[in-house]
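First the structure, then my questions, so here it is.
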Amino acid sequence: MNLAQIGEFGLIERLQSQLQKRAGTQLGIGDDCAVLESLQTPIVTMDALIEGVHFRRDWTSPRALGRKAMAVNLSDLASSGARPVAAFVSLALGPRDDFEFITELYAGFEDAAREHHFTVAGGDTTKSRGDLMISIALVGEVLNHKRGPVLRSGAQAGDVLLVSGNLGDAAAGFQILQAEKDEIAAIPAPARDYLLLRHHQPSPRLALMKQLLEFDASAIHAALDLSDGLVGDAAHLAQSSDLVAQFDAEKVPISFFCRQCCEILGCNVLDLALSGGEDYEILLAVAPQKAQILVEEFRGKSVFLSAIGVCLTPDLSGNQARVAVRENGEVRQVGRAWTHF
């Protein structure tokens, strides 16, 4: 069924029927504005996914795309120490986007909303002359009102840098999508399926940050999510805090499946872990006396923490790189992080 047959308002009415209103939202889709309940410390993030830049529809399903588009925003809230309340989705729909595609896309949005207890409360739809664009604004609330949001700018010299989970999995999944058929066939199915899932369906670390803040909020000095790769994103944290982030290459956590895939495809596994991007794990700067306690507290849990570096005071020259990766006692050259321009 094409959109011309349904019309804009018919589309909105049908989408409204598949979305559930949850706590925090008084009025969702259907009026000029959504109405949210009063939030003590509101926080807002926004991200867009553009067809041909961030995704290819022949590599994913509309439902998985909807989940990922929402997860990208949820990850920003997670790193800031916040919970989601309401999402607002704007779509620029191309000529290929029929009702069935959009229904499945919204099913992915609702999957994420159901899992993380928030409402898809509104948005906008418009016509695109070309490719699909998905833009999402997500309103949340800071979890620890006394501590406030966790920012990039709070790191201190001597802080230990912790990271959640493994790095490089999503980038390895992307390598699989680009590989030749015979190369893909050589990758064991468990590794292939796991890495593709990590690329298509990242898991925003909302529960992890909630647990960390409940365990010891004062230990967490700064954080950000890893969307553009460890090295590129760490540079943002270091710049905001006026520090240097130094990492030990041997301590960067990399999964067995990622190593297995890179060996078959001929990728440099450490390059993927350092610069691959889209892992949506959390990089944390924590008080040095608390770092090992946090690592031990989360050892053996579904999402673990690894100590991989330290924050240093920059030299006085002003020419020092914001990120250094040491490997076998020497500074390693790393690839350029993802950037739009």
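All positions are counted from 1 along the displayed chain.
Just so it is clear, glycine is given a Cβ too, placed from its N, Cα and C backbone atoms.
Pulled from TrEMBL, these are the listed features:
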- 30-142: domain 'PurM-like N-terminal' (DOMAIN)
- ASP32, THR45, ASP76: Mg(2+) 4 binding site (BINDING)
- ASP32, ASP76, ASP225: Mg(2+) 3 binding site (BINDING)
- ASP47, ASP124: Mg(2+) 1 binding site (BINDING)
- ASP47, ASP76: Mg(2+) 2 binding site (BINDING)
- HIS54, GLU278, TRP338: substrate binding site (BINDING)
- TYR106, GLY123, ASP124, ARG152, SER227: ATP binding site (BINDING)
- 156-310: domain 'PurM-like C-terminal' (DOMAIN)
- ASP228: Mg(2+) 5 binding site (BINDING)
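Provide an account of the burial state, proximal residues and distances for the features listed.
Mean pLDDT for the domain 'PurM-like N-terminal' (30-142) in the predicted structure: 93.
For the recorded site, ASP32 (Mg(2+) 4 binding site), the DSSP three-state label reads coil. Listed in sequence order, the same-chain residues six or more apart from ASP32 (Mg(2+) 4 binding site) with CB atoms under 8 A from its CB number zero; the list is none.
In the three-state DSSP scheme, ASP225 (Mg(2+) 3 binding site) is classed as strand.
With a cut-off of 8 Å between CB atoms and residues at least 6 apart in sequence, the same chain places SER90, LEU91 near ASP124 (Mg(2+) 1 binding site), listed in sequence order.
Annotation for ASP47 (Mg(2+) 1 binding site): same-chain Cβ neighbours under 8 Å, separated by at least 6 residues, are ALA69, VAL72, ASN73, ASP76, SER135, ILE136.
HIS54 (substrate binding site) is surrounded by 17 other CB atoms, counting those within 10 A of its CB over all protein chains shown.
Following the DSSP three-state reduction, the secondary structure of TYR106 (ATP binding site) is helix.
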For HIS54 (substrate binding site), what is the secondary structure state per DSSP, taken as helix, strand or coil?
coil
If we count other C-beta atoms within 10 Å, could you say which of the binding-site residues ASP225, ASP228 has the fewest?
ASP228
Counting across all protein chains present, how many other Cβ atoms fall within 10 Å of the Cβ of GLY123 (ATP binding site)?
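Counting Cβ neighbours of GLY123 (ATP binding site) within 10 Å gives 19.
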Compile a sequence-ordered list of residues in the same chain as TYR106 (ATP binding site), six or more apart from it, whose Cβ lies below 8 A from its Cβ; state 'none' when nothing qualifies.
LEU15, GLN18, LEU19, GLY66, VAL89, VAL120
Between ARG152 (ATP binding site) and ASP225 (Mg(2+) 3 binding site), what is the CA-CA distance rounded to a whole number of Å?
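For ARG152 (ATP binding site) versus ASP225 (Mg(2+) 3 binding site), the Cα atoms are 10 Å apart.
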